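**Q** So TrEMBL lists the following for this protein:
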REGION    411-433  region 'Disordered'
TRANSMEM  30-49  transmembrane segment
TRANSMEM  61-82  transmembrane segment
TRANSMEM  137-158  transmembrane segment
TRANSMEM  221-241  transmembrane segment
TRANSMEM  263-281  transmembrane segment
TRANSMEM  293-312  transmembrane segment
TRANSMEM  318-340  transmembrane segment
TRANSMEM  352-374  transmembrane segment
TRANSMEM  380-403  transmembrane segment
Amino acid sequence: LAQSLLALFASSLAISLVFAIIPLCHNVVVLAVVMAVAGLAMGCIDTISNMQLVKIYQKDSAIFLQALHFFVGFGALLSPLIADPFLSDTNCILANGTANASSNLPHIRKSLVPHHPGNLSHYDLPMKGMVVTRVSYAFWIMALINLPVPIAVFFLLYKERMVPCFNGSSHPLLSADELALETRPGDKDELSTASQRPHTAAGHEDLFSCCQSKNFRGASYTYFAVHITGALVLFMTDGIVGEYSGFVYSYAVEEPLSVGHKVAGYLPSLFWGFITLGRLISIPVSYRMKPATMVFINVVGVLITFLLLLIFSSSVVFLFVGTASLGLFLSSTFPSMLAYTEDILQYKGCATTVLVTGAGIGEMVLQLLVGSIIHDRGSYSFLVCGMIFGCLAFTFYALLVFFHRMYPKPSPELDEASPDKAAVPEDTGQYQR
């Protein structure tokens with residue numbers, strides 16, 4: 001837990017530093033390195049936060065995962081609104097003829113959108129002169145907004161006596177079993193006893209314990225199959241989130257829809273808005289509904305939505321309706337899949353790492369793939385690709401359910417009191433402080 005919190009502190013602090021540095025980058029190579037550091041930090045935060053929620057709350061983690069990913073969607077919805085007042089509709093460099101050149105911007109944007117760009121050589125934009133952009137303020141505001149996060153993580157480290165220089169008089173923030181939402185009567189004493197063990201003895205596992213070969217000895221093929229199929233489902237669904245939010249604008253402004261640029265600009269915001277709304281709705285729903293059922297509803301809903309988008313591909317109204325529907329169905333797929341897979345694998349936390357990695361790769365790869373296909377085949381292939389990815393996600397989910405049924409059940413002595421309650425792990429003290 002100490003290693004995880006230290007990694008969260010370093011990563012969240014790095015994000016604030018990166019956002020403060022970005023406006024000062026005047027070389028594309030330096031900017032690329034800075035953005036790579038930001039991506040590394042965000043990947044660490046994504047993996048560790050999901051993994052720790054699973055390990056701490058176990059059977060109850062589905063609710064907390066839905067809440068976590070609601071704030072992910074809320075941030076994705078809010079940050080463009082913060083940046084929007086600082087974006088310029090005119091050229092950002094003042095020079096002779098700037099007034100005439102600025103009027104060329106809409107024509108240049110329109111020429112760049114289709115999959116066969118038009119001739120841009122007759123448009124002039126000044127490349128030298130006084131820079132008048134205010135977009136730097138947006139990055140600095142985001143850096144300040146993020147700064148309370150590493151401060152809060154450091155406070156938690158301090159209260160938990162995990163800061164080497166400041167571990168003297170502080171009292172732990174949480175008592176022995178406050179983190180356990182549901183505790184069997186016979187387990188309270190066990191939890192209290194476990195919490196009294198020395199912290200060094202309890203914390204024998206580290207961040208890389210999932211990668212150790214001893215965890216794979218004697219594992220059945222279904223153990224690996226559950227990891228792989230779960231990661232492939234998120235590879236497809238998170239890839240759909242990335243490619244749809246990235247290319248729905250380009251699809252809308254091309255024929256046959258030919259939506260105006262300003263109206264088409266609302267589509268990504270609508271998509272992320274309904275993802276955020278869906279995750280908010282999923283918090284109470286996940287308390288009543290099993291994660292497996294939620295994932296099934298999600299993947300079927302994605303399939304049906306893409307099918308209707310293909311059928312009504314010439315309707316602008318249904319494009320907006322379908323975008324909202326797709327956002328709702330994709331919203332809870334990630335946290336529900338994490339909760340479902342970890343439930344199968346007895347909440348070790350290792351599956352979370354594999355699933356988060358698979359989702360990140362899917363979001364990167366499918367955007368590149370769809371972008372190249374749209375360039376060669378036209379805008380209609382955008383919906384066809386989404387339909388194919390949705391079919392693959394459903395197929396991999398069906399395989400996951402199949403391997404779940406074949407996966408060996410935990411031995412009765414691990415869970416003799418209640419068949420639907422996960423056993424308290426031996427190192428509970430690590431997470432009960």
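Here the Cβ of each residue, glycine as well, is placed from N, Cα and C on the backbone.
Nobody curates TrEMBL annotations by hand; they come from automatic prediction.
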**Q** Between the transmembrane segment (221-241) and the stretches 61-82, 137-158, 263-281, 293-312, 352-374, work out which stretch tops the count of Cβ pairs under 8 Å.
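**A** Looking only at 61-82, 137-158, 263-281, 293-312, 352-374, the most contacts with the transmembrane segment (221-241) come from 352-374.
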**Q** Counting only CB pairs under 8 A, let me know which of 137-158, 263-281, 352-374 has the most with the transmembrane segment (61-82).
**A** 263-281
**Q** Cβ pairs under 8 Å with the transmembrane segment (352-374): which stretch of 30-49, 137-158, 263-281, 318-340 has the most?
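**A** Result: 30-49.
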**Q** By a Cβ-Cβ criterion of under 8 Å, what residues six or more beyond either terminus of the transmembrane segment (263-281) are in contact with it?
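**A** Sequence-distant neighbours of the transmembrane segment (263-281): 66, 69-70, 72-74, 76-77, 80, 241, 244-245, 248-249, 252-253, 319-320, 323-332, 335.
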